[in-house]
Structure formats: C-alpha cells, structure tokens
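Q: According to Swiss-Prot, the record shows the following:
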type	residues	note
ACT_SITE	S25	active site, schiff-base intermediate with substrate
ACT_SITE	Y58	active site, proton donor
BINDING	T57, G73, A74, A75	substrate binding site
MOD_RES	S25	pyruvic acid (Ser)
Amino acid sequence: MHRTFLFSKIHHCTLTETNLEYVGSISIDQTLLDAAGIVPYEQVQVVNMNNGERLVTYAIPAPADSGAVELNGAAARLGTRGDRVIIMTYAQLTSEEIEGFEPRVVLVDQENRVIEDAPVVNASTPELCLT
C-alpha cells in the first residue's frame, strides 16, 4: 500500500508576477527548484496565503537566482504580485519508505532567496512558526 506524504515545500515565497496570457503553470527560480528537489513539469500545489486559494499546476524553471515566482495562465487569476504563497509537492511512499522520511522544506526571504541558516522544520519542531 502507498500513502501520500509531503515531499517538498518552498515556504513563504512572494509572487513576483502573474501572466494570464501564458499557456499555464508556475515559473519558479531554478535555484529554488533545485533546493526543494522539484523538477521541471512536476505537479505542484500552490497555496496563496493572502486569499486562501489553492491550485494544482506544474512547475517550470525561471532563471536561476532571479527570485522569480510567477503564476501563469488561468492560475494568474488566483494571485497578485506581492502575495505570499507556499509551493508543495507530494510523494507516494510504501510502508518501508515512511520510516525516517522527512520532507525537504526550503525557507525563503522576501526576495525569494533561500535562507541558508534557517532552522530545519519537521515533525520534531511543530512549535516553530516563521513570519
């Protein structure tokens, strides 16, 4: 039996742009994709912290170190520049894979740069809440 678990998360990104006329997806700075282990065209869930909207789309790379996080296509209607979002991927794990598994959590600053010295957030630190 497989169970679905959070695989990776980019926490508190800031939307830098929306592009209604683009075919679809969310463009994400390649540096953030690499840090989170997200590959191009992988399914992602995006949660908008400003308006509560949730959507499922796929990730495409934006230039590395650009800080770009852009909602494209119809998804552009669900956010505006400056909104804070959480980007998540999930994985199907077997019972054997579950033990010891921890998702990859990437914390970013307001310019969507990885916070290198951020504390590790996992099940053993539920009291940690970043603003």
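In case you wondered, yes, glycine gets a Cβ from its N, Cα and C as well.
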Q: Residues with Cβ closer than 8 Å to the Cβ of Y58 (active site, proton donor), same chain and 6+ apart in sequence?
A: G24, S25, I26, Y41, E42, Q43, V44
Q: With a 10 Å radius around each C-beta, find which of these binding-site residues (A74, A75) has the fewest other C-beta atoms nearby.
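A: Checked A74, A75; of these binding-site residues, fewest Cβ neighbours within 10 Å: A74.
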Q: I need the neighbours of the substrate site defined by T57, G73, A74, A75. Which other residues of that chain put their C-beta within 8 angstroms of the C-beta centroid, in sequence order?
A: G24, S25, I26, L55, L71, N72, A76, R77, L78
Q: Max Cα distance spanning T57, G73, A74, A75 (substrate binders), Å?
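A: So the maximum pairwise Cα distance among the substrate binders is 10 Å.
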Q: What does DSSP call A75 (substrate binding site) in the simple three-state scheme?
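A: SS state of A75 (substrate binding site) = helix.
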Q: Out of S25, T57, G73, which of the recorded positions has the smallest number of neighbouring Cβ atoms within 10 Å?
A: G73
